[in-house]
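The compositional bias 'Polar residues' annotation in TrEMBL covers 17-26. Taken from TrEMBL, the feature region 'Disordered' applies to 1-27. Summarising the annotation, TrEMBL assigns transmembrane segment to 49-67, 87-108, 120-142, 148-169, 205-224, 230-255, 512-538, 558-578.
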Amino acid sequence: MDSTDQFDNSPLLDGDGSSQENTTEYTGDGSVCISGHPASRKHTGNWKASFLIIVCSFCCYLAYSSIGKNLVSYLTKVLHETNLDAARHVATWQGTSYLAPLVGAFVADSYLGKYRTALIACKIFIIGMMMLLLSAALQLISAGPHAWTVWVHLVSSQYTIFLIGLYMVGLGYGAQRPCVTSFGADQFDDTDYVEKTRKSSFFNWHYFAINAGSLIAGTVIVWVQEHEGWLWGFTISTLFVTLGVCIFFLGSIVYRFQKPRGSPLTRLCQVVIAATRNFDKVLPCDSSALYEFMGQGSAIEGRRKLEHTTGLGFFDKAAIVTLPDCESPGQHNKWKICTVTQVEELKILIRMFPIWSAMILFAAVQEQMSSTFVEQGMAMDKHIGSFEIPSASFQCVDTITVIVLVPIYERLIVPVIRKFTGRANGITSPQRIGIGLCFSMFSMVSAALVEGNRLQIAQAEGLVHRKVAVPMSIMWQGPQYFLLGVAEVFSNIGLTEAFYDESPDGMRSLCMAFSLVNMSAGNYLSSLILSLVPVFTARGGSPGWIPDNLNEGHLDRFYLMMAGLSFFNIVVFVFCAMRYKCKKAS
């Protein structure tokens with residue numbers, strides 16, 4: 001594309017500095033415009049650029065969510081899988097989708113930059129959607145009066161094409177998400193107080209937008225899939241993602257770009273190797289004696305220095321200056337001596353790991369909305385008057401909660417809390433995450449109470465051994481979806497904000513990917529738990545907690561188990577958060 005070629009030919013990207021530019025007219029974070037010149041504060045970035053990125057995220061998540069929300073229904077009704085197999089496959093696919101961000105983030109931070117990586121990933125996304133369209137079309141062709149003989153093995157062909165398209169969608173969407181999100185945050189200059197304050201609002205409104213897309217997907221698109229056919233549902237989703245990518249591309253002239261500065265993994269490995277080489281050396285008492293790049297910025301052009309922090313002292317040995325280093329300044333071997341900033345980058349990732357790992361179970365709890373919550377709803381009365389609600393569409397309660405609560409949190413809750421704490425964001429990111437973890441535990445308790453009541457009605461009505469819906473309104477699922485929605489507003493947005501703010505300047509896409517990879521780990525954990533449940537509960541003729549006929553099972557015990565694990569997870573998170581040290585950028 002012409003826009004990306006301009007990157008390669010720009011003098012700034014070839015190393016031309018910007019120190020002579022007017023710092024009041026241009027951004028102070030090293031960002032550039034599409035032409036490669038220093039980015040103007042007035043004509044690039046800010047809300048005019050981030051709004052287009054938010055719209056793109058809205059369209060992409062609408063398409064992705066329209067598949068994920070009703071995937072259980074497609075697998076069980078169209079591909080005829082069992083409830084347990086469908087729940088496990090959904091968890092595996094979503095886990096893969098949230099593992100893909102690591103690939104996109106690494107390529108973005110190391111080689112292509114966030115903008116170009118996002119465009120490539122979106123193309124994969126669109127191709128995957130087209131393959132889903134083809135798989136849906138195959139079923140219509142075979143149902144016609146003149147079915148072709150080539151479709152004799154249609155079922156296996158449709159299943160294969162569907163799976164390839166499904167995982168291409170997961171790969172494309174997952175790879176672009178950390179790039180687009182961090183690229184949107186890059187539109188606000190960290191060195192400007194006003195723009196830095198707006199960045200926190202960006203994360204709130206970005207999450208608001210993707211949940212608006214989720215709401216439309218869970219209601220309108222799911223209804224179209226169920227009543228008008230999957231072909232129409234996939235067509236609408238494909239059009240939305242194509243529209244979003246076009247809008248993202250058309251806004252190129254107003255974006256601010258951060259130049260990729262090489263592999264962050266290489267820099268981390270250099271610290272480990274250098275520290276290991278110097279393991280027998282003694283650290284100086286004064287941390288200022290450790291090696292650091294001379295100059296206003298760090299050794300990586302356009303990136304800020306990080307101040308030395310105590311703790312994890314072994315890695316500080318990578319910055320010990322030896323006599324040979326003093327004799328040959330400017331010619332240091334990066335595998336033998338690293339800057340303090342480089343060491344602090346590794347320390348930041350190590351300190352963030354316990355916070356990240358504590359969020360894995362939260363992701364496993366959240367995944368229940370796409371699997372066991374849907375299966376629970378399918379065993380309840382889905383009618384409100386004469387209108388029947390698809391059980392997958394009831395996930396819109398969670399989405400509506402987020403859409404309503406984000407503006408309330410942004411406009412009412414934060415200003416009130418700010419008066420007491422004095423913080424621009426009201427509360428810290430770890431506090432915000434912890435509150436969300438508590439609400440996720442309450443959601444599991446609510447789901448257990450609903451399921452316990454449903455099973456009592458099934459027994460009273462003599463429906464235990466019949467695979468039919470119990471005369472209990474699906475509206476009783478509302479509280480568990482609502483509580484998970486509240487948990488998302490606090491924990492998911494808080495985690496995204498924390499990982500962006502705390503990440504080193506040259507690793508923001510990678511750290512944003514890690515904030516999404518916990519969703520992958522959570523989905524795999526959910527899949528593992530769902531696989532182990534029948535092993536330990538389906539014994540001695542017992543159908544287990546989650547059989548095909550939920551009226552014979554004890555899904556309530558599964559939810560109580562998840563609530564107990566959530567409580568333990570909260571304790572671990574609080575322990576880690578109280579000992580966390582924030583980064584200090586110069």
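The chain as shown is numbered from 1 upward.
Cβ atoms here come from the backbone N, Cα and C positions, even for glycine.
Quantities reported herein were computed from a predicted structural model and do not represent experimental measurements.
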(request) Please indicate, using numbers and ranges, the residues of the same chain that are 6 or more beyond the transmembrane segment (558-578) and have a C-beta under 8 Å from a C-beta there. (result) 354-355, 358-359, 361-362, 364-365, 368, 372, 430-431, 433-434, 437-438, 440-441, 444-445, 447-448, 451, 529, 533, 545-546
(request) Check the transmembrane segment (230-255) against each of 49-67, 87-108, 120-142, 205-224 and return whichever range has the most CB pairs under 8 Å. (result) 49-67
(request) Would you mind listing the long-range same-chain contacts of the transmembrane segment (49-67), meaning Cβ under 8 Å and 6+ residues beyond its ends? (result) 97, 122, 125, 129, 132, 166, 169, 173, 176-177, 180-181, 183-185, 187-188, 202, 205-206, 209-210, 212-214, 216-218, 221-222, 225, 233, 236-238, 240-241, 243-245, 247-248, 250-251, 254-256
